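Since the structure comes first, as structure tokens, the remarks are kept for the end.
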């Protein structure tokens, strides 16, 4: 947009003439020009709204009517879109439970900062430009600047927090994600706002009392202590160039790590296909353990103390009869493993939506499958790397050897019967470490040697192989889903960072140039550069909608006023389910 003035001085920059050339005495940024958090002009081309003959009483500030209409219409549309977009983000977070994730808490904080800019900063700045003077008084000026700077600083701080959160989530999934809760996210968001407030609000509001006088002329509004180009440039370095550099480096690391995960997952799926035609015993690799520890130092400490134990997983099975018919039935019903509790238990304990490979620990693991009626030990050492449930010997829980001996003795009493019990509900799958004791010599011989495999019945071998393949498939599926979520989060982050860099860079380049060439930047460019920084708050909700399908569908639902319909459908569904339940209850009682 192009703004003109009837006076010889610029209506936006008091020390810039109509030809935009400074005299030597006017070196540096104009009196009314200060950086907005080191990134854009808070007086924003506000200027010394007075002509050489005295203050102007023109409410249009020397602009024509059509210029005022154009400026008011354009900036009003931008402010309205900013307000509506960020309100949609906040309301969507409130009404849609699927959006209440840790990632979106940071986006919610960013939306609050953008909403403040759209409601307060944009409109006051538009009035400032149109009237060519600040007509609301000194207190309103200082409050506006304080709110504007705090909200903008909070936006940058939130972007930094989001970048670090994504980086640690991908590079340290086990250690960081265990601590990554909504409470911790709230603390980080609170710190971002508190730091922003402490950095800017006291200095803006009370600087005139610190120095003993107010040097901002009447009719102008700018930060008193940011009047020198060198100070302005210093704040730009600290507030824009450094954060952008840090965020760019973090995003590059996130991108490389995501690409690495994609290749690993492709190899994992390929090895899973080969495993279906081979034995389920594979060489081990790195990372996951059922105890969720990943620090090798802790593992070595447990090894030095020579503590041994095992991790138990239980699953429910059907009644088992040791007959050929039952064996044939079990052999043909591989799909029944899809719905048992073992799959769910291992799936939940071995992987989650927000867990990935984070440890470089290399170890050999063994699974001991003990079935009632048989003391056969199935050695399944060297499970596949990050895909299977791996239990380092040093990380297993401590178990008293006497209790283990009692358990073996109890199982032996069942063996004396010569047959399986007619029905049982629990089968223990025990992940055991080597125990160098005479009482468990049979266990030690099979676990301690990674190549020894005792003869198994056809039934046991089939069940064990199915179990291993099902577990592998489920963990692979979990990892694939987790990778998809990470990619979506990375896409949202990349869109936000790209919008931030595009909208904030032009003004900060002008700040850099103005430090060395104070007459090179036209006043109109200062205006556009500052407004472009404000437009970042307008673009952010669009980034959320483009990169997140849940946000997009929720926005559509809110804009079309479909919230009540969705609630009614949900209530009707719950009522139907309640009626069905009450109808079935008497029948089951009979």
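Each residue, glycine too, has its Cβ placed from N, Cα and C.
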Topological domain name match (Swiss-Prot): residue 95 vs residue 490, membrane: yes
Candidate ranges 275-281, 282-288, 289-295 [criterion: Swiss-Prot lists as motif 'Basolateral sorting signal']: 275-281
Listed residues 6, 444, with the one flagged N-linked glycosylation site by Swiss-Prot: 6
The topological domain 'Cytoplasmic' (92-104) - residue tally per DSSP class, helix then strand then coil: 10 helix, 0 strand, 3 coil
Summary of DSSP states over the topological domain 'Extracellular' (515-526), given as helix, strand and coil counts: 6 helix, 0 strand, 6 coil
Non-local residues, at least 6 beyond the ends, that sit with Cβ under 8 Å of the transmembrane segment (105-130): 3, 12, 43-46, 60-61, 63, 68, 71-72, 75-76, 78-79, 82-83, 85-87, 89-90, 93, 136, 144, 147-148, 151-152, 154-155, 158-159, 161-162, 165, 182, 185-186, 188-189, 192-193, 221, 492, 496, 527, 530-531, 534, 536-538, 540-541, 544
Alpha-carbon distance [residue 221 (disulfide bond); residue 520 (disulfide bond)] in Å: 23
Chain residues outside the transmembrane segment (492-514) and at least six past its termini with a C-beta under 8 angstroms from it: 28-29, 35-36, 38-41, 103, 107, 110, 159, 162-163, 166, 229, 232-233, 236, 240-241, 244, 247-248, 251, 254, 520-521, 525-526, 528-530, 532-533, 535-536, 539-540, 543-544, 546-548
Rounded inter-Cα distance in Å - residue 517 (disulfide bond), residue 141 (disulfide bond): 29
